[in-house]
Amino acid sequence: MHRDHPVTFPGRHTHGAQAVRPDGRRRALRIGLGGPVGSGKTATVAALCRTLRDEVAIGVVTNDIYTREDADFLLRNAVLPAERITAVETGACPHTAIRDDISANLEAVEELEEAAGPLDLVLVESGGDNLTATFSHGLVDAQVFVIDVAGGDDIPRKGGPGVTTADLLVVNKTDLAPYVGSDLGLMARDAKAQRGGLPVVFTALTRPGGVGPVADWVRGRLAAWRTGGTQ
Amino acid sequence: MQQPSCPPPPSRPAAAAALLVLADGRFPAGGHAHSGGAEAAVRAGRITGPDSLEDFCRGRLHTAGLVAAALAAAACAGLDPVELDAAADVRTPSPALRATARRLGRQLMRAARAVWPAPELAALAAARPRGAHQPVVLGAAARAAGLTPHDAALAAGYETVSGPATAVVRLLGLDPFRATAVLARLGGELDEVAGRAVAAAGRAATGGTGELPAASAPLLEITAEAHAAWPTRLFAS
Ligand SMILES: Nc1nc2c(ncn2[C@@H]2O[C@H](COP(=O)(O)OP(=O)(O)OP(=O)(O)O)[C@@H](O)[C@H]2O)c(=O)[nH]1
Ligand SMILES: [Mg+2]
């Protein structure tokens, strides 16, 4: 998979992702969350909203595969007002909508910013997919790949673009590790080997404050974004 | 087709290859999430295999396809796209399909402006910020790419059958070779529809948008309304 080096940002984003809006304001930082079905993407989005919503204005775009399940979950749990959450339909191909043809997601992000803005942060949740699904750099500024310990502790070793290149790898459901026989130490070593210096965090979202490490990483990206950087 | 009353395209590079780019199913303009009514037809049991897919596509080609092709040809020939947009509106009774056409038009506009930047595209985007009807944008994009009205008609007509065919491969697990063979078999009819569309666009250049075809497929309009209200579906339309 090809990746542009971050220093080329933001000049290459010319169609919907310009960092500065027509009104001169810096647009919201866009963070994508991808990963296999059921790994905890929506749970991460919900926990991030609860943790960060008093610090920054957040919007969420979900990419459900054939329902509005994720958007409805976020609405039911009242993590954000309804006008801050929108759903994109992906025609049975969730990875197409976040990578090969990002036009519907770009529309959704922009409409959200227009209707509910100004926003500081837009979280784009991908539909659950496979280990090769990554976000286009034309859609998001940074991406988080969420896997879980129950999917098998060999996932980091298997690698794939999500595991190896995401800006943050989240290994979720560590609370389940003893029950599914997953070796967290092995997962950490394999992830480090696959990702070089890129960060990895382990979470148990079911525990109070479980999203803390992800929230801290998002805060770091937000601070960099505000001052014009991307890291 | 080049009508004296229409302005010439802003630039005319040798552009035949641009048609391949514009008509490529992977052109990033949102089409992949739409089934062109095929999802509703599959659910209702009207599409069950290659033969019924061919019937469905043939019906769509000669109705919605002809209208789309004529609108695209007219926009490519340089007729006023805002007027054509109104003509598309009155030819689309279903509010759900009008919303879909505008949404897809807006997505196509984004892609087209990135690929073939042109003042005329920018002007249409400004005149219709919520999106013009997709076939009108398609024609304007073809014009910006230096294509002919006939090219635009072919691209618009092809899209009205390739969308459902791709969707049915996903919905029914239909053999992709047989689905593609359906598209090939419809090729002659597509050529013929494109020819009629270009002729109508030529008449519209002097006689106004009333000369454009207004063929409709009532069942597509009705099922689109129902589909838009389904709680669970794979395709946006
Ligand atoms: N035990 C445990 N369960 C979790 C944790 N995080 C999420 N879950 C549960 O895992 C299930 C799936 O979580 P979601 O957040 O819906 O997963 P997702 O990745 O959004 O799923 P899709 O969108 O369907 O791909 C839910 O029942 C969550 O409550 C965790 O840290 N520990
Ligand atoms: Mg989810």
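Note that Cβ sites are derived from N, Cα and C of the backbone, with glycine treated the same way.
What TrEMBL says about a protein is an automatic prediction, not a curated fact.
Copied from TrEMBL, the annotated features are:
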| type | residues | note |
| --- | --- | --- |
| REGION | A:1-22 | region 'Disordered' |
| DOMAIN | A:31-201 | domain 'CobW/HypB/UreG nucleotide-binding' |
| BINDING | A:GLY35, A:PRO36, A:VAL37, A:GLY38, A:SER39, A:GLY40, A:LYS41, A:THR42 | GTP binding site |
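Here the features listed in TrEMBL are painted onto the structure.
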residue: A:GLY35; record: GTP binding site; Cβ contacts under 8 Å, 6 or more apart: A:LYS41, A:SER126, A:GLY128, A:ASP129, A:ALA133, A:PHE145, A:VAL146, A:ILE147, A:GLY162, A:VAL170
residue: A:PRO36; record: GTP binding site; Cβ contacts under 8 Å, 6 or more apart: A:GLY128, A:ASP129, A:ASN130, A:LEU131, A:ILE147, A:ASP148, A:GLY151
residue: A:VAL37; record: GTP binding site; Cβ contacts under 8 Å, 6 or more apart: A:GLY128, A:ASP129
residue: A:GLY38; record: GTP binding site; Cβ contacts under 8 Å, 6 or more apart: A:GLY128, A:ASP148
residue: A:SER39; record: GTP binding site; Cβ contacts under 8 Å, 6 or more apart: A:GLY128, A:VAL146, A:ILE147, A:ASP148, A:GLY151, A:ASN172, A:LYS173
residue: A:GLY40; record: GTP binding site; Cβ contacts under 8 Å, 6 or more apart: A:VAL146, A:ASP148, A:VAL170, A:ASN172, A:LYS173, A:THR203, A:LEU205
residue: A:THR42; record: GTP binding site; Cβ contacts under 8 Å, 6 or more apart: A:THR62, A:ASP70, A:PHE73, A:LEU74, A:GLU125
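Shown in sequence order, A:GLY128, A:VAL146, A:ILE147, A:ASP148, A:ASN172 are the same-chain residues outside A:GLY35, A:PRO36, A:VAL37, A:GLY38, A:SER39, A:GLY40, A:LYS41, A:THR42 whose Cβ sits within 8 Å of the Cβ centre of the GTP site. Packing around A:LYS41 (GTP binding site) is summarised by its Cβ count: 27 other Cβ atoms lie within 10 angstroms of its Cβ, all protein chains included. Checked against ligand 1, the binding-site residues A:PRO36, A:VAL37, A:THR42 give A:VAL37, A:THR42 as the ones with a Cβ under 6 Å from it, listed in sequence order. With a cut-off of under 6 Å between the Cβ and any atom of ligand 2, the binding-site residues A:GLY35, A:GLY38, A:THR42 reduce to A:THR42.
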